[in-house]
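According to TrEMBL, the protein carries these features:
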SIGNAL    1-20  signal peptide
ACT_SITE  Ser109  active site, nucleophile
ACT_SITE  Asp133  active site, charge relay system
BINDING   Arg147, Asp152  Ca(2+) binding site
ACT_SITE  His214  active site, charge relay system
DOMAIN    287-422  domain 'PLAT'
Amino acid sequence: MSNSFPLLCFWSLCCCFAAGSPTPFGPEGLLEDELHKPKAIQTEVKPSVRFNFRTSKDPEHEGCYLSLGHSQPLEDCGFNMTAKTFFIIHGWTEKDDFSLGNVHLIGYSLGAHVAGYAGNFVKGTVGRITGLDPAGPMFEGADIHKRLSPDDADFVDVLHTYTRSFGLSIGIQMPVGHIDIYPNGGDFQPGCGLNDVLGSIAYGTITEVVKCEHERAVHLFVDSLVNQDKPSFAFQCTDSNRFKKGICLSCRKNRCNSIGYNAKKMRNKRNSKMYLKTRAGMPFKVYHYQMKIHVFSYKNMGEIEPTFYVTLYGTNADSQTLPLEIVERIEQNATNTFLVYTEEDLGDLLKIQLTWEGASQSWYNLWKELRSYLSQPRNPGRELSIRRIRVKSGETQRKLTFCAEDPENTSISPGRELWFRKCRDGWRMKNETSPTVELP
């Protein structure tokens, strides 16, 4: 190939709950997508490539030939948009001037394992295979020769979006590639949450929810193509809980990577599991922040369950009020780490507002207050001290420290708030002269 563009082959045979909407025809009878293809891409198409279109009504008929880039309308071939369409990929002739390293197979659901079989049986090594939520039933725990595996291509990257839901796993949960990426933990996806599930059960459309989460892997890959100015990054972590704690936002030693088409090739001896948060729709990119908060307690209050919220203020925008998810519990007189993310690029952070939700703000918090009071009747008053917050951006790897606006007032209790402004201390000064570098 004269240019270094890889050959993309999509495999979607027998996809679980596969769905799509008919693509409208343009004024010349071409598919609408074909009309809007960039001219540079159209010039790469060889006119010798043709599709032989046949219908089930007359399978013995010679068929109708469709040539890429020509204006021959599909209607002339009797194409029925409401019927199932099967693409039979017969392969290619063996020629010395074609490199398998330029082949990129992309498989969705069962198609991911089909792509793995193709990579395993071909003579040579395929350059890359991308598995989009590979099918789980009958493949979970299977031998590497019976499913997609790192041996099937020089680089195998996998997106897992429906690995577990109500005990049912449509997608495979185990890692099967060189890098396995689990957006939002690989289970419940934004926009496909519990409310959608319950509503769909009531109306008998649970399959729509299954499709929403299972097909999210496809949409994430498409997003990496159409929104290349807003790439999503995943971060290596041992498990989802550690990622939720905000511990795993490092990019040292290939610990972070782009997802989708622009993922960097990694040939680690061991599999890398990676995690990220996303929005509910395109563009899916969010901005991850690690927050380290040292919590002081001057009283022995026992185990506490505070509900903290933060608001981030930046040079470009301000965030919404964001909850600090407490995965296990708040450790007193220790540093606690949290993960927060925003849907907007806030720019350089300037200040942070930290709020401890009061009992009157939610019924759930009222129950927590009552339970805490009953367990610690001798110490009904609860007060913590927080002097500074350290923040690390996952996308830029920049570290900042924010000090309490009033050094004499660092105490916080239910229903109160503290303000923190960017300040200088050891952590900040080490990075003062380091430029902000976007990930590749």
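Glycine is no exception: its Cβ is also placed from the backbone N, Cα and C atoms.
The shown structure was predicted, so the numbers you read here are calculated from the model rather than taken from an experiment.
Cβ contacts within 10 Å of His214 (active site, charge relay system), excluding its own Cβ and spanning all protein chains shown: 28.
Shown in sequence order, Ala115, Gly116, Tyr117, Ala118, Gly119, Asn120, Val126, Ile129 are the residues of the chain, 6+ apart in sequence, with a C-beta less than 8 angstroms from the C-beta of Asp152 (Ca(2+) binding site). Across the structure, the residue listed as 'active site, nucleophile' and His214 (active site, charge relay system) place their CA atoms 8 angstrom apart. A 10 Å cutoff on Cβ-Cβ distances gives Asp133 (active site, charge relay system) a total of 29 other Cβ atoms nearby, all chains included. With DSSP classes pooled into helix, strand and coil, the tally for the domain 'PLAT' (287-422) is 16 helix, 59 strand, 61 coil. Sequence-distant neighbours of Arg147 (Ca(2+) binding site) (same chain, 6+ apart, CB under 8 A from its CB) are His113, Gly116, Pro134, Phe139, Ile172, Val176. In the three-state DSSP assignment, the secondary structure recorded for Asp152 (Ca(2+) binding site) is helix. Looking just at the domain 'PLAT' (287-422), the mean pLDDT is 86.
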